[in-house]
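Going by TrEMBL, these are the annotated features:
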DOMAIN    100-159  domain 'Flavinylation-associated cytochrome'
TRANSMEM  43-63  transmembrane segment
TRANSMEM  69-88  transmembrane segment
TRANSMEM  100-127  transmembrane segment
TRANSMEM  147-167  transmembrane segment
Amino acid sequence: MTGTDPQEEIQSDAQLAAELASDELNPKALSTPGRKRLARKRLVFDVVVLAVYLASANPGITGIPVHEWVGLGAFVLLAAHCAARGMWRGTGGKGLGLTILNVLVLLVTALCVVSGVMVSGTVLPAFGLFADGYYFWDPLHAVAAKMLLALLLVHVAVHIPWIAGALKK
């Protein structure tokens, strides 16, 4: 700590966050120490979100109950990730492309969660509920999960320059 007022530091972080969100893919946007510090914090959060997704995407490893509950948590974290990044700002060029990609990721994740809950053997019964339509929801869940994996791979690939910039000393 530098002995500055914590309120000023919070405001400063908020301003840096807004600047970073507006220039997400530009590694040069990480040129100041404050921006780099914030980018590293964001990267840690992003890695946690990705780890939670990877854990929930492997029911053979985690078991179905963990898969279902962690999948719900992954959706909450993804929504927080999108809200923290201001993912809906792009209006042209790369910004529009990123916005479309981010909206697709969020929609496909929601589809995966809804279809997963509808075939749930743990979450719905925990609330005393049961859903019909297994032969509709289960294939939809499988397709949505594969689409989500593909979209997340594209999302990470598009952000490699930002990730590299955040990791530089």
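Placed from the backbone N, Cα and C atoms, the Cβ positions cover glycine too.
Curation does not apply to TrEMBL; its annotations are automatic.
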Practice item. Calculate the per-residue pLDDT averaged over the domain 'Flavinylation-associated cytochrome' (100-159) and state the result as an integer. Key: 93
Check your understanding: So how many of the residues in the domain 'Flavinylation-associated cytochrome' (100-159) end up helix, strand or coil by DSSP?
Key -> 48 helix, 0 strand, 12 coil
